[in-house]
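To start, the structure itself, in structure tokens.
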Amino acid sequence: MKVYNTLTNKKEEFLTLVPGEVKMYVCGPTVYNFFHIGNARTFVVFDTIRRYLEYRGYKVKFIQNFTDIDDKMIKRANEEGSTVKELGDRFIKEYYKDADDLNIERATKNPRATEFMEEIIKFVSDLIEKGYAYEIDGDVYFSTKKFNSYGKLSGQNLEELQLGARINVDERKKDPMDFAIWKSQKPGEPAWESPWGMGRPGWHIECSCMAYNLLGETIDIHAGGSDLSFPHHENEIAQSEARTGKQFAKYWLHSAFVNVNNQKMSKSLNNFFTAREILEKYDADVLRMFMLSGHYRTQINFSMELLDSTKAALDRLYNSINNLENLLDEVKNEELRDEELEYKNELQKYKEKYIEKMDDDFNTADAISVIFDLIRDVNTNVTIESSKELVKYTLDLIRELGNPLGILQESTKASLEEEIEKLIEERQKARKEKNWALADKIRDNLKERGIVLEDTPQGVRWKQI
């Protein structure tokens, strides 16, 4: 298995610190709002990577944190007249709802930064003691010049950063690139007691501390969105390695942005969507398959038209699964016949190809193509004459390959019938209202999905083709 390591900017053989085990840390949400589709891609991508590692036999300890104290949270809490804790509690609950709806598996642990104050204060104290941090008026800063390899993850040059970085320059700092690891209390902000007075941690130190306390000095994978590479992940490396003298993370994985209608997503452009808004209109399978239809390191473009195309493609897959489920009830031959054994063995090539694609830096786009190829093959060769054992094997294989991607796990019968009956009702209503364009559109859309309507004296009937 090979993974692309942002730290070295190349694909590397994936060799874990302990054979068969993976320690993985993913930067989670700041819990002051619902997560948007850009966040959703990050969560889906690393959920998929975790699932695939487990599919390949690894025992994965998967930590994804909640940032439940930072400037955005304080601002939002003050605006709505709540406490930061109340705000965090509320949006952690909302996160779990949306993540569950998106079929994201629960982490081994979702630590909250505020649960680790004692450990964070110890972390900061150790950095001061080792000469990597200094205190001024209750604020503690990390000295970037003291850490010789600062910039190794992002490829940034410290001198160039000092000249051109858009940072808040604090004249009290020894160097413009030094960053806060402990912030003194300001009016209206929550604070904790520390050796430097009342205050709260900086964002970067929170993740370093949680990773250290839950996974140890060195971890296998640290992951997050590409926007976190600098300064967040760069600063995590500096703090962690300055404290322990050991490599913080062996492999760094970063997922790319989601653009909306070929533009960067922003509220000012009115192209900002939360995952919840999309999940009200589309099933989780659709959104997951869309998010995984491009390589995780490549930006993807989001639009409703592309989601509709993904839904149509997914419907074709589910139609095939539905046909296999029906065959399972209808076929009369129970056991695998001799002539079917060779075909069953041939189907293994799809599993091997799928693993080959996913082993190459988790190429989900090509893995999905392999599933389509498998289903095309099965549609042609598995029929009413096949044995029940072969039909069941093909169904199980399709679901097996879909599982690491978090798709194709639903039983199709009830949900498909319910959806089609609902669309038939909408078409009948349109016909009564003489809205022929809408009626024809519904009929044509169903036909594209392999569903043919027949108008009979007894009413509308449908069948799959």
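Each residue, glycine too, has its Cβ placed from N, Cα and C.
Swiss-Prot assigns the feature motif ''HIGH' region' to residues 29-39, out of the candidate ranges 29-39, 51-61, 161-171, 172-182. Looking at 19-23, 144-148, 264-268, the stretch flagged in Swiss-Prot as motif ''KMSKS' region' turns out to be 264-268.
For Cys207 (Zn(2+) binding site), applying a Cβ distance below 8 Å and a minimum sequence separation of six or more within one chain yields Tyr25, Cys27, Asn65, His232, Glu236. The binding-site residues Cys27, His232, Glu236 differ in how many other CB atoms lie within 10 Å of their CB, and the one with the most is Glu236. Residues of the motif ''HIGH' region' (29-39) grouped by DSSP class, helix first, strand second and coil last, total 3 helix, 2 strand, 6 coil. Long-range contacts of the motif ''KMSKS' region' (264-268) within the same chain: residues 36-38, 257-258, 302, each at least 6 residues beyond the stretch ends and with a Cβ under 8 Å from a Cβ of the stretch. Listed in chain order, the extra residues whose Cβ falls within 8 Å of the Cβ center of the Zn(2+) site residues Cys27, Cys207, His232, Glu236 are Trp203, His204, Glu206, Ser208, His222, Gly224, Leu228, His233, Asn235.
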